[in-house]
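Following: one structure in structure tokens, then a few remarks.
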Amino acid sequence: MVIKKRSKWTNFLLLYLGGVVISLSQLKIIPIQNEIVDVMGFSLSSISWLMSIFTLSGIFLSIPGGRLVTKFGPKKLLVFLMLSVILGNSIGFISNNFTLMLFSRLIEGIAFSMIIMVGIVFINEWFKDGNRGLATGIWGTFSAAGSLLAMNIFLPMVKKYGIKSPWMFIVIISIVLFIIYFFKIKDIHENEEETISKNDENMFKEAITNKYIWILAIAQGCMALVLFTFINTFPLIYSQKYGINSFVANRYASYFGLFGIPFGAIAGYLIDKTKKGSLITVCSFFIMTIAVIYVNYLTDAKSIILQLLLLSAGTGLSSACVMIIAPNIIKNKKLIGVSISFINFIYYIGIFVGTPIIIKAVEITKSWTRGIYILVIISLIGFLNVFTFAVLMKKKSIKNVNLGGNYNEDKSGSC
């Protein structure tokens, strides 16, 4: 399929908007969690499960997601994902108890579980002639963009239109995107016929025996745990640990999304230009670790902004780097889909367990400081994994693998 440059970037913009809407669906609870506690009577621990259950679908659907894309095509799956957003938010809008709300979040999570994979499939086709690293990097920022919007629009929306207004807002936007996707986006037809067979199981087994994929998957899981725990808890950290009021706390938290938006694109650009994917990834995880430590030492507005900038840089670069370099360490291209699915599987586990663990630790210890130090340990584990990856790749010096973006073109085997 040959796509004109203008057309592929237009399609990418539409796809990106879908990612942002799915991110809004995921993050709408965060800026209004205190209001939900007051109006609906849920406990803070219950709220943490409303935030984390969203990713439970991802744990179960991330691995078969690659097979579903192959079987039905990315367009049909994209349309289905928007339907799940519409249905989940519609149920959430009419729900008046915790159980039904939890169920609605599980349905919403179906979209989040596969949108990354669907996006990567489209990007690999649309940008196969160039700019794949840049597009992949930008694609990885949709969560940051969603966070920026969520932290700024949902609390004022609730104050003016009621506690359930964010759910209806997302339903309306999702319906519009559903119609656009149905008529505007063209499906991708593979040159070779692919069928779902027993060979898929063999491919999955082969993919997960790659130690490099395991190392990257664990690192990505650590990054996801740190990233989404802070996305979910920054308003609470600012208000409970530092005594900042809700509106200002949400505004600060929104800067996390604002600062994070450019770094995915920066990662793609740097890796495309320097061909030093491993080195950039190690530096990214190091920055993330320093930023997590810094959360316990905030003193004023300037220190808050600096910490958010560092954490946005670390997580934004780290996430994009892993997704860019992972396909390029796989010699058999047929294994790319299942390998990325496995990385996403660990990624979603990190998102799912992070917030409940930290919230519970804070409730038990009565201290955000100790909860944050747990995140420091997780971040260090991620850093040690990518450092190990870089060392192994340097020793291995795999020929014909370019970690900088173009598969099998750099024969230097540079890290």
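Using the three backbone atoms N, Cα and C, a Cβ is placed for every residue, glycine included.
TrEMBL has this to say about the protein:
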DOMAIN    11-394  domain 'Major facilitator superfamily (MFS) profile'
TRANSMEM  12-30  transmembrane segment
TRANSMEM  42-65  transmembrane segment
TRANSMEM  77-94  transmembrane segment
TRANSMEM  106-127  transmembrane segment
TRANSMEM  134-155  transmembrane segment
TRANSMEM  167-183  transmembrane segment
TRANSMEM  212-232  transmembrane segment
TRANSMEM  252-271  transmembrane segment
TRANSMEM  278-298  transmembrane segment
TRANSMEM  304-326  transmembrane segment
TRANSMEM  338-359  transmembrane segment
TRANSMEM  371-392  transmembrane segment
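Long-range Cβ contacts of the transmembrane segment (304-326) within its own chain (Cβ-Cβ under 8 Å, at least 6 residues beyond either end) map to 116, 120, 133, 136-137, 140-141, 144, 213, 216, 219-220, 223-224, 226-227, 230, 238, 252, 255-256, 258-264, 266-268, 271, 277-278, 280-281, 283-292, 294-295, 298, 339-340, 343, 382, 386, 403, 405. Pairs of Cβ atoms less than 8 Å apart link the transmembrane segment (77-94) most often to 106-127, out of 106-127, 134-155, 212-232, 338-359, 371-392.
Ranked by the number of CB pairs under 8 Å to the transmembrane segment (167-183), the listed stretches 12-30, 42-65, 134-155, 338-359, 371-392 are led by 12-30. Here the transmembrane segment (252-271) has long-range neighbours at 30-31, 133-141, 143-152, 230-231, 234-235, 238, 244, 277, 280, 284, 304-305, 308-309, 311-313, 315-317, 319-321, 324-325, 403-405, meaning same-chain residues at least 6 beyond its ends whose C-beta is under 8 angstroms from one of its own.
Taking Cβ pairs closer than 8 Å, the transmembrane segment (278-298) reaches residues 219, 223, 226, 230, 237, 242, 267, 270-271, 304, 306-307, 310-311, 313-315, 317-318, 321-322, 325, 369, 372-373, 375-376, 379-380, 382-383, 386-387, 389-390, 393-394, 403, 415 in its own chain, all 6 or more past its ends. Confidence across the domain 'Major facilitator superfamily (MFS) profile' (11-394), taken as the mean pLDDT and rounded to a whole number, stands at 83.
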